[in-house]
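Student: Please read through the structure below; I'll follow up with questions.
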Amino acid sequence: QLSPVRSSVMSQTPPIVSVLPTRGLVDEKFKVLVENLPPGRPVTVRSLHHSDNGHYWEAFGFYTSDHRGTVNVSKDQSVGGTYTGKEPMGLLWSMCPVPGSHKGLRLRKLNMCSPMLVNISVHSGHEGFRDGAPLASVLVERWYMAPGVKRIDVQEKGLLGTLFLPPGPGPFPGILDLWGGGGGLVEYRSALLASHGFATMSLDYLSCGQPVFTYVETAFNFIKDHPQVIADRVGVVGLCLGSLPALYLAADSTVVKVVKQITSPLLLVSGCDDQNWPSFETAEDINQTMRAAGNDHLLSRLDYPDSGHLIEPPFSPHFRASTFVTTNKRKAMILWGGKTKPHSDAQEDSWRKILSFLQQHLCCSLNAKL
C-alpha cells in the first residue's frame, strides 16, 4: 500500500506519457510508457495520425494502471480497443480511419521528405474517451528516409522513377522496386530500403507508353550502371503485378519461359488468405517448375496463413479491402484478404527476412571479397 504522503504526491503530479524513441524509422519498434496515474485506473492509450491525403487514422487500447500507477504498452495487456493482448506496436498496425471517414481508405505515405507524425495520448476511462481532453500526449516522428538518404528524381532514358541513395559515398548494392497495378510512383518502400543501405529506385512502369518488359530492363540497366551502385550486386523487389516483370528480369526470358531459366536466388512471399490473386498456388507452381528444371535450390518461400495480398513493411495497417483506382482512372472496391493480427505479424516477420535475404545475396559476398 502507498503511504499517505506518497499517495498525495502522486495525486498532485500530472500523468505523463513517454515514447522511446520519439523519432525513428517506420520499421523500428518503440516503447510507450504512461506514468503518474492513480493505481488501478482504467485508461485508453490512443494513437492519432493525419495522413498526407488529409484523412485521420487512429488506434487505441484499453488498459488499467498497475499498483505504481503506470501502464507499459510493451508489457501490459490491452483488454479492448482496436487490438487486444500484449502488443507493443498495436498502436500502429491496428490503425483504422476515425469514425465517419470515407469507406475503402488506405494509408500510404506520399511525401518521403517528411515524417509520419503520430500523436500518442492517454485518456481517462474506456468509453467516450474521444469526447474529453487527453490526460497527456506526445508527438512521435516515424520516417521512411533515414538521415542522410538522398531522394533523386529520375527522368533519363525515358524513365519515370525516383532513386534513393543511402548516406555515404558508396558504391552500394542496388534494387529496382516494382509496385502493383495501381500505377504511379510509390516511393515509401524504396526510401526504407535505402535507409537500410540499398540504392533503390521506384519505377512507374504502367504509364510509360512502352512495352513493360523492355522498360523495366532499361530501368535495371540504369541502376546497374549508376556510379554509386555496384554493377553485379543489383536485385529486384516486386509486389502484386510488379512480381511479373520482377520474375521476367530474374529469368532473363519471356513470360512463357519464366522461372525455368532462373539462375539467381529467389524469395517468394505469399499470403495464404490472398483474396486478390492466387499467391500461394502461384508460388506452388513456381516451386514445381523450378524443381523440374533442377534449380529449386535457388528458391526460398515464406507462406503466411491468414495473411492477405498487401504484405507491406512492418507496422503498416492492414486493409482487408480498399478503394482501388486503375490506370484508366476507374474506381473499384478491391478485396485483399487477411486477418489483421496474423497479417501484421506476417509483415513484421517477412520484412526482417527480406532484408536478411537481400543482405545475404547482395552484400555478403561483397564483404567477403573486401
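Quick reminder: no glycine exception, Cβ is built from N, Cα and C everywhere.
Okay, these came from TrEMBL:
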type: ACT_SITE; residues: C240; note: active site, charge relay system
type: ACT_SITE; residues: D274; note: active site, charge relay system
type: ACT_SITE; residues: H309; note: active site, charge relay system
type: DOMAIN; residues: 259-362; note: domain 'BAAT/Acyl-CoA thioester hydrolase C-terminal'
Student: Looking only at the domain 'BAAT/Acyl-CoA thioester hydrolase C-terminal' (259-362), what is the mean pLDDT?
Tutor: 93
Student: From the Cα of H309 (active site, charge relay system) across to the Cα of C240 (active site, charge relay system), what is the distance in angstrom?
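Tutor: Distance (Cα to Cα, whole Å): 8 Å.
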Student: Taking only the Cα atoms, work out how far D274 (active site, charge relay system) lies from H309 (active site, charge relay system), in Å, as a whole number.
Tutor: 5
Student: For H309 (active site, charge relay system), which residues in the same chain are close in space, meaning a Cβ under 8 Å from its Cβ, but six or more apart along the sequence?
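Tutor: Correct list: C240, G271, D274, Q275, N276, W277, S279, W336, G337, G338.
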